[in-house]
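Participant: Swiss-Prot lists Gly206, Glu207, Pro208, Gly209, Val210, Gly211, Lys212, Thr213 with the feature ATP 1 binding site. As annotated by Swiss-Prot, ATP 2 binding site applies to Gly607, Pro608, Thr609, Gly610, Val611, Gly612, Lys613, Thr614, with the evidence given as similarity to another entry. The coiled coil annotation in Swiss-Prot covers 392-524 and is backed by similarity to another entry. If you look up Swiss-Prot, you'll see 1-146 marked as domain 'Clp R', on the strength of sequence analysis. Swiss-Prot lists 6-71 with the feature region 'Repeat 1'. Residues or ranges marked as region 'Repeat 2' by Swiss-Prot: 83-146. The region 'NBD1' annotation in Swiss-Prot covers 159-341. Look at Swiss-Prot and you will find 342-547 tagged as region 'Linker'. The annotation region 'NBD2' is assigned in Swiss-Prot to 557-755 on the grounds of similarity to another entry. The region 'C-terminal' annotation in Swiss-Prot covers 756-848.
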Amino acid sequence: MDSFNPTTKTQAALTAALQAASTAGNPEIRPAHLLMALLTQNDGIAAPLLEAVGVEPATVRAETQRLLDRLPQATGASTQPQLSRESLAAITTAQQLATELDDEYVSTEHVMVGLATGDSDVAKLLTGHGASPQALREAFVKVRGSARVTSPEPEATYQALQKYSTDLTARAREGKLDPVIGRDNEIRRVVQVLSRRTKNNPVLIGEPGVGKTAIVEGLAQRIVAGDVPESLRDKTIVALDLGSMVAGSKYRGEFEERLKAVLDDIKNSAGQIITFIDELHTIVGAGATGEGAMDAGNMIKPMLARGELRLVGATTLDEYRKHIEKDAALERRFQQVYVGEPSVEDTIGILRGLKDRYEVHHGVRITDSALVAAATLSDRYITARFLPDKAIDLVDEAASRLRMEIDSRPVEIDEVERLVRRLEIEEMALSKEEDEASAERLAKLRSELADQKEKLAELTTRWQNEKNAIEIVRDLKEQLEALRGESERAERDGDLAKAAELRYGRIPEVEKKLDAALPQAQAREQVMLKEEVGPDDIADVVSAWTGIPAGRLLEGETAKLLRMEDELGKRVIGQKAAVTAVSDAVRRSRAGVSDPNRPTGAFMFLGPTGVGKTELAKALADFLFDDERAMVRIDMSEYGEKHTVARLIGAPPGYVGYEAGGQLTEAVRRRPYTVVLFDEIEKAHPDVFDVLLQVLDEGRLTDGHGRTVDFRNTILILTSNLGSGGSAEQVLAAVRATFKPEFINRLDDVLIFEGLNPEELVRIVDIQLAQLGKRLAQRRLQLQVSLPAKRWLAQRGFDPVYGARPLRRLVQQAIGDQLAKMLLAGQVHDGDTVPVNVSPDADSLILG
C-alpha cells in the first residue's frame, strides 16, 4: 500500500466511506461502505459501469443499504474506524489492476473490480447480479476506451461525449423536438456542405431568432425519418455543451483534457457523429487561461481541416464578424450558410406547424386568426426583433396568459366570496346585540347571506365544471400527441403490427373521444372561462410589450376619440384648426387607415409666443397617456452647435458618450408609442434638420450603435416662433427662408396658431384658476372668484405680443401672493372658502 496513488474520486470515496462508518458507529470500514460511497458519487463511474453489465444501480444500492443496516455498532468508541480485512484486500486488488493496465493512478473503476473480487458480502452481491470482476473489466474498457489513467481526474474524460453533449437525433426519435416548417433550401445547403470530403463544416449565420438552431433540429428529424442522402443516413447529430465542459475545470489543462476526450470519441466514431455547436463564436477563447494555453478554436482547427470532425455551427452576423473572421485560419475551415428572416406568410406557416404543440402545452385552443395576427402585428410593431421568434413568443405568451386565467379564480367568484365574508363578520357583530332594530337587521342579513352562499356555490360548481371540461380536452390532446409519436417510432423501427394497432385502433378511439369532448367544452351557456386564443389576446400582448394600442377599439375608446377635439379644446383655447389636424391624425392611426411606413403625424406649429403650441403637445400626451409628462421633449435651443447632433442619435464609436445612446433615439426605443415635441425648432443647427428627414419620411432613424429606431407610432410636433406677429403669408415666407424645401415637404401640415383675443383670454383665466384650485385642494381651500374679477384678470393679463403667459404671472401675483400672506398670518385656515373680488378703485383684487 506504500505506492497507493488514488485519483480525486477514489480519495473522495474513501473519505465518504470513513465518514459513513463513523456516523453509523461501525468499528470498521467494510466493502459495503466503499460501494455505497461509489454509488452515491456525483458524476461517478460506478453506476454507468453497472448499467454496462446489465445491472440496475438502484437495486444494488438498496441491497448494499441492507448490508450496512446489519453491520455491528460500537458505542463510546473514541478511535476512528479502520479499513477491514476485506476492504484492504479490495484496495490491494485495485492497486494491482492499475499496475497491470499501466495506469498511474488507482481510479474508481479499479476499486469496483476490487470490491467484486474475493468472498466478501459485497463481492457475492455484485457477482450474484452479474457484475463479476471479469464482466466489470470488460465494461470499463468500453466506458473509458483505450485511455490510460494519467491524471487525478480521469473520470471527467470517461463517456465525455455523453457527458458534455445532447443527442439531437435521439431527441428527434422521441418526438421531443418541435416540427420544422419550411427552410428546405437552407437544410439542403447544409447537407451539401456536410457531404464534402474536406472542410465539410457549414456555419449557419443570421440574425437572432430567425431559426438557425431549428434548421439543425430539422436536419436531425430528417436523418431519423431517413429523408437524407446516403452519406448522412444513420448519422448522429450531437449538440456540444461548451459551458458544462468549462464548468468545474479548476486546474490548468483540465478543460483541454475534457475537450480532447470528446474530440477523440468523435474521431473514433469513424464519421458517424456530426457535431453541432450553438453560439459558435464561443469556441474562440473558450478555456484559454493565459499564456501558453490553447483555446477550443485552436484545438479543433486540425481536425476541421482534415475532415475528421464534421461540425455544424450557428452564430449571429455580428458575433461571426467579431470573433470568427478575426481568425482567418479558423474562418476558412467553415462554409457560410446565410439564414434570412422569413416573410410574414412563411411565419404564418411556421406558426401553423407549431400550433398543436402550444395547444397541448397550455391546454387552450389557438385560432388561425390569432396566428395571422401574431405574424402581422409582430412584424409591424416589434421592430427590434426578428421573425419567426417574436411571433412565436407572442402566441406563447398569449396562451400562457389565458391558461393563467383558467387556473385562477374568476372575478365573479372573488367578488361574491368577499361579500359573503363581509356579511358573516356583520352577522357575528349583530348577533351580540339585543335591541329590536338589530334583530330585524340580523334576520334580513341572514336571508341575504344564505342567497349569496347559494350563488357562490352555484358559481363555483359552474367554474369547476368548465375547468374540468377544458382539462378533459387537454388530456385527450396530450394522449393523441403521445400516441402519434409512438406510432411514428413503431413505423421507423419496422414494428408494423404495433404501428397498425395504434393508427387504426387507439388513435381513432382517442380522436372520437376528443370529437365528443370538444362540443361539450364549447357548448356553455354563460362562459366564465375563455379557452380560445384570438387576435385580441395577441394584440393585448403586443400592447403590454410596446405600449402601442394594437387591439380593436373598445366602445369607450371610440367615443373618446370621436370627441377628441372637445377634450383638447378644454385646454387649448382658440386654435381649432391645429386641434382638428392633430385629432384627425390620431383617429387615422387608431382606425388603421394611416400609412404604416410613416409617423402617425408630423406637424409644425407656428405662431407668437404664449398661444398654446407647447400646451397642445402636453394636452395630446395627457389625452393619449393620462399624463402630460408622458412625451419626449427635446428643447432645440440646446442643439445650436453642429456637434450637438450626436446628442440626438448617440455619439459615434470611439467618442465619449458612445455607450449612453442618443437622447431622442433611446427615449423612442424605450417607448415607441409617444408624442415627440421639438420645441423652438428654429434655434437648432441646420444639420439637426438633416437628421430628422428620415424620421419624417420613413419613420425610422439609425442611432450611433447602428440600431434602427422605429418612429412609425409617434406623433412628431415641431414648434417655432418664426414670423410671429406677421400675416400667414409672411409666416410661411419666413419658414421657407429658414428650412430646406425637402424638410418642409415631409411635414403633414404646417399649422399657424392665431393670436388670442380678450374673449378667449377669459376662458384661459378659468383654466389658470382651475390649476391654482388643484394646488389649493391639498389644503382643502377653495377660491370663489367673481365674474368681474375674472374679467379684470383677462383685461390686465392680455398682451398681444406675449400671449397667455403674462396672465399666468398676473394670477400668481394678484391672487397667489395675497393668499400666501393670509395663510402665513393665520387669516385663512384649512377648509375655508376664500372669495375673490375687484377692489373699489378697480386697481387690484381683494381676497376675503
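Quick reminder: no glycine exception, Cβ is built from N, Cα and C everywhere.
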Participant: Can you break down the region 'C-terminal' (756-848) into helix, strand and coil residue counts using DSSP?
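Facilitator: Breakdown, helix to coil: 52 helix, 15 strand, 26 coil.
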Participant: Work out how many Å separate Gly607 (ATP 2 binding site) and Glu207 (ATP 1 binding site) at their Cα atoms, rounded off.
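Facilitator: Checking the Cα atoms of Gly607 (ATP 2 binding site) and Glu207 (ATP 1 binding site) gives a distance of 47 Å.
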Participant: Of all the binding-site residues given, Pro208, Gly612, which has the fewest Cβ neighbours within 10 Å once its own Cβ is left out?
Facilitator: Pro208
Participant: Out of Gly209, Gly607, which of the binding-site residues is least crowded by other Cβ atoms within 10 Å?
Facilitator: Gly209
Participant: Can you tell me which of 6-71, 342-547, 557-755 gets the most C-beta pairs within less than 8 Å of the region 'Repeat 2' (83-146)?
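Facilitator: It is 6-71 that shares the most Cβ pairs under 8 Å with the region 'Repeat 2' (83-146).
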Participant: With Cβ-Cβ distance below 8 Å and at least 6 positions apart along the chain, what are the contacts of Val611 (ATP 2 binding site)? List them in sequence order.
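Facilitator: Sequence-distant Cβ neighbours: Gly574, Gln575, Phe753, Glu754, Gly755, Leu756, Gly803, Ala804.
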Participant: So for Thr609 (ATP 2 binding site), how many other CB atoms are inside 10 Å of its CB?
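Facilitator: Other Cβ atoms found within 10 Å: 16.
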Participant: List the residues of the same chain that sit at least 6 positions away from Gly211 (ATP 1 binding site) in sequence and have their Cβ under 8 Å from its Cβ, in sequence order, or write 'none'.
Facilitator: Val180, Arg183, Val339, Pro342, Ile350, Pro388, Asp389
Participant: Gly206, Gly610: which of these binding-site residues has the highest Cβ count within 10 Å of its own Cβ?
Facilitator: Gly610
Participant: Sorry to bug you, but what's the C-alpha spacing from Glu207 (ATP 1 binding site) to Gly612 (ATP 2 binding site), rounded to the closest Å?
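Facilitator: Distance between the two Cα atoms comes out at 46 Å.
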Participant: Using DSSP, how many residues in the domain 'Clp R' (1-146) fall into helix, strand and coil?
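Facilitator: In the domain 'Clp R' (1-146), the DSSP-based counts are 91 helix, 6 strand, 49 coil.
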Participant: Are there residues of the same chain, six or more positions away from Lys613 (ATP 2 binding site), whose CB falls under 8 angstroms from its CB, and which are they?
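Facilitator: Set apart from Lys613 (ATP 2 binding site) by at least 6 residues yet with Cβ under 8 Å, we have Phe605, Leu606, Gly607, Thr719, Phe753.
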Participant: For Val210 (ATP 1 binding site), what is the tally of other C-beta atoms lying within 10 angstroms of its C-beta?
Facilitator: 23
Participant: Is it possible to get the count of other C-beta atoms within 10 angstroms of the C-beta of Thr614 (ATP 2 binding site)?
Facilitator: 17
Participant: Which of the three DSSP states, helix, strand or coil, fits Lys212 (ATP 1 binding site)?
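Facilitator: In three-state terms, Lys212 (ATP 1 binding site) counts as helix.
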Participant: Name, in the order they occur in the sequence, the residues of the same chain whose CB lies under 8 A from the CB of Thr213 (ATP 1 binding site) and which sit 6 or more residues away.
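Facilitator: Same-chain residues close to Thr213 (ATP 1 binding site) (Cβ under 8 Å, separated by 6 or more) are Asp278, Ala314.
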